[in-house]
Amino acid sequence: MKYIIVTGGVMSGLGKGITAASIGRILKNRGYRVTAVKIDPYLNIDAGTMNPAQHGEVFVLGDGSEVDLDLGNYERFLDIELSGPHNITTGKVYRSVIEKERRGDYLGDTVQIIPHITDEIKCRIEQAATEGDENGAAEICLVEVGGTVGDIESMPFLEAVRQMRGELPEDEMVLIHVTLIPEDTMGDMKTKPTQHSVKALREAGLYADMIVGRSEHPIGLHTKRKIASFCDVAAQAVVSATTVPDIYQVPVELEKEGLADAITTHLHLDRREALEEWYNVVAREYTSRITVAIVSKYGIEDVYLSIKEALKHAGRALATEVKIVWLDAERYEPCQLADVDGILIPGGFGIRGIEGKIRAIQYAREHNIPFLGLCLGFQLAVVEFARHVLGWKDACSEEIGDGRHVIAILPEQEGVDDLGGTMRLGNYPVTVKAGTIAEQLYRRSTITERHRHRYEVNPEEISALEEAGLVFSGLNGPRMEICELPGHPFFFATQFHPEFRSRPTRPAPAFLGFVSACRKNKKTP
């Protein structure tokens, strides 16, 4: 197993996760089997209970793990399926060590950060790295150490990496440090922040083999040589990673900088020619443009990162640029929906913004605007239909109020008090009905999709909803998973989250259908 450790310095938010995913992609382009591990140095067990406004999207893996959004980037860039062990948190590590101490596994030892915590970290990295899938075990494992070098929270993880480096042969680990190269008012690139960041890395007992400099403009040879001189790396090991308009362009830029060659040389991997698949995806040109309104609770785009990317995947496959208009569910005006080509209601929880989302669904249904609802968007589509087609004015979800509960809590969720990891999570099979839009999109009778919810369509109300014209075209046993409206340009909603399985090379069918319908019903120039 070869390890690529990715650390970050100077500041957070540099795009370290995208850089790590892109490194994995350029190696996969050369035919290597690559997996990835994200280390999050927070005390939470996982991302499931974290405020998305602070932390961004909670990404759900196939095994039901609720993880950091960077794992979504890994899955999209590498086109792989990861599992919970690939997200290591301080909370998981400490809980495991404390449980072992309580069982007596340490035989009376004084339990300390070194060696017990660091041993647990190393064990978890190695277990995740060697976990295989249908394609076999990986050859290369990317390990992104979250946070910034110098943070107190990251120190045990950096120490574990230091120990691993000493235990492994030199050609089995490479450390890539991602740092910021700012410019002064005269446009000159400043290397001092990078020098200090590398110094902090050395203080942790680690040294960088390669440096990726994040900058607004390409890093010139003079600056690269200066960084190389002060940071003890070769000039060709200093790589420029400029800001690009499309994140899927980053692997192409890193390949041009020679990073793949530098990594394979350091790790003594055989040289292989890069495959063209990724470059063909990136190079596709747009022939049309649509505008999609996302009516949401949060005004932070990272909360809906996978939806943004899934729209981009579908748009690229259909040569259509997708412009997103973000509308606050509590404040938007109906006139703002008049000129969009499609309306999307994402998942979410709680009562805030619910009525605004329902009004947007009603507008889409009555004005024949393509509509896609996801998770909560699916549930609210049922509520809207019950209110305005069946005339049940008090129709609502059990989650949000009293009235006629067309959306009810799942039986297994009754009496559940703990919030973390207790929802209906991960992959479940969905049976697709013949002769429906769902069948046209998926072209299969059974599909597998990822879930994250506690509520479902009330079984007692299904017959009345179907008799009024709502079609439930996807089922999981007694549970309704997909609904659609015949005769509408595109009115489609899913209880599951199709965005979590969308890939640049394999867009999610629900998003393909939505973007295609938006193109056909295009209003915007």
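A Cβ is built for glycine as well, from the same backbone N, Cα and C atoms used for every other residue.
The active site, nucleophile feature in Swiss-Prot is assigned to CYS375; the stated evidence is sequence analysis. On its own chain, CYS375 (active site, nucleophile) has PRO346, GLY347, GLY348, HIS451, ARG452, HIS453, THR494, GLN495, PHE496, HIS497 as residues at least 6 apart in sequence with a Cβ closer than 8 Å to its own Cβ.
Residues or ranges marked as active site in Swiss-Prot: HIS497 (among others). Other C-beta atoms found within 10 angstroms of the C-beta of HIS497 (active site) number 24, with every protein chain shown included. Mapped onto three states, the DSSP output places HIS497 (active site) in coil.
The active site annotation in Swiss-Prot covers GLU499 (among others), and the record cites sequence analysis as its basis.
Around the Cβ of LYS226 (CTP binding site), the same chain contributes THR191, each under 8 angstroms and 6 or more positions distant in sequence. As annotated by Swiss-Prot, CTP binding site applies to SER12, ASP151, ILE152, GLU153, LYS190, THR191, LYS192, PRO193, THR194, GLN195, LYS226.
Under the heading UTP binding site, Swiss-Prot lists SER12, LYS190, THR191, LYS192, PRO193, THR194, GLN195, LYS226, citing sequence analysis as support. The number of other CB atoms found within 10 A of the CB of LYS192 (CTP binding site), across every protein chain shown, is 10.
Sequence annotations record features per position, and here Swiss-Prot assigns Mg(2+) binding site to ASP70, GLU144 based on sequence analysis. Its own atom aside, the Cβ of ASP70 (Mg(2+) binding site) has 22 Cβ atoms within 10 angstroms in the protein chains shown.
The domain 'Glutamine amidotransferase type-1' feature in Swiss-Prot is assigned to 292-524.
Among the recorded positions listed (SER12, ASP70, GLU144, ILE152, GLU499), SER12 has its Cα nearest to the Cα of PRO193 (UTP binding site). Between the C-alpha atoms of ASP70 (Mg(2+) binding site) and THR194 (CTP binding site), the distance comes to 23 Å. With respect to GLU144 (Mg(2+) binding site), the closest of these recorded positions in Cα terms is SER12, chosen from SER12, ILE152, LYS190, GLN195, GLU499. For the binding-site residues SER12, THR191, THR194, GLN195, the largest tally of other C-beta atoms within 10 A is found at THR194. Separation of the C-alpha atoms of LYS192 (CTP binding site) and GLU499 (active site): 41 Å, rounded to the nearest whole number. Secondary structure at SER12 (CTP binding site), taken from DSSP and collapsed to helix, strand or coil, is coil.
If you compare every pair of Cα atoms in SER12, ASP151, ILE152, GLU153, LYS190, THR191, LYS192, PRO193, THR194, GLN195, LYS226, the residues listed for CTP, the longest distance is 31 angstrom.
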